[in-house]
Amino acid sequence: MARAYCHREVLPFAAMIGAECVNVGLNILFKAATLRGMSYNIFSTYSFAISTIVLIPFLFIFPSTAVLPSFKLPLVSRICLLVFAGSFGKILGYKGIEYSSPTLSSAISNLVPAFTFILAIIFRMEKVAIRSSSTQAKIIGTIVSISGAFVVVLYKGPTVSTPVSSVSLQWPLGSALSQWLIGGLLLVAEFLLFSIWYIVLVNILIITQSLGIHLTTFLAYAF
């Protein structure tokens, strides 16, 4: 019983925490690389290539016996949207970090649950019951997340800004404040695309069932 609870409740939670830690570490590594002159396009290519190489062995370690679904237009279009949202969002995110800092990226990442909740309502994946305490908590959390992100971008930005990279100096954008604002807007766009990515991913996983590792490897390669 305890083992089943751990597998069902604890492991997904731990996996999400691990994924966030890896993402923060990747953002810091990217900022350090761009400060040394590396292009964000090269960094993106290397990161996705390494991800593909690391994930390929898991296809053989955890083989799936599920039957592959037929690749009809609805599934193919969703996969194409997933690839576009993920890759374009990551490019926007890296460019945003180049203009601002990993600190701002981590702060604005709190918008993902808010954006996902709003999109889930729009696509009727989430039911809204105003009298429900769960719905009220989600609405309050959404408002607080969005308000906090705007405060970080518009008010607290310059006080925690890192030195401008040599790459950014090649394309001057004005003051450090304007760079911070542009970086913040790019990061907001990134996490909006990631929210769309999560919505589409859930829909695809429902169709493909237990082919999660295969889909993840394909997405890393496609990015």
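The backbone N, Cα and C atoms fix where each Cβ goes, glycine too.
Curation does not apply to TrEMBL; its annotations are automatic.
TrEMBL lists 12-30 (among others) with the feature transmembrane segment. Long-range Cβ contacts of the transmembrane segment (12-30) within its own chain (Cβ-Cβ under 8 Å, at least 6 residues beyond either end) map to 40, 43, 47, 93-94, 97, 102, 105-106, 109.
Averaged across the domain 'EamA' (24-153), pLDDT in this predicted model comes to 81. Taken from TrEMBL, the feature domain 'EamA' applies to 24-153.
For 42-63 (among others), the entry in TrEMBL reads transmembrane segment.
Look at TrEMBL and you will find 75-94 (among others) tagged as transmembrane segment. Same-chain residues lying 6+ beyond the ends of the transmembrane segment (75-94) with a Cβ under 8 Å from its Cβ atoms: 27, 30, 40-41, 43-44, 69, 105, 186-187, 189-194, 196-197, 200-201, 203-204, 207-208, 218-219, 222-223.
The annotation transmembrane segment is assigned in TrEMBL to 106-125 (among others). Residues 20, 23-24, 27, 138, 141-142, 145-146, 148-149, 152-153, 184, 187-188, 191-192, 194-196, 198-199, 202 of the same chain sit 6 or more residues outside the transmembrane segment (106-125) yet have a Cβ under 8 Å from a Cβ within it.
Per TrEMBL, transmembrane segment is recorded for 137-157 (among others).
Annotated transmembrane segment per TrEMBL: 177-206 (among others), in sequence order.
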Counts of helix, strand and coil residues, the domain 'EamA' (24-153), according to DSSP: 101 helix, 0 strand, 29 coil
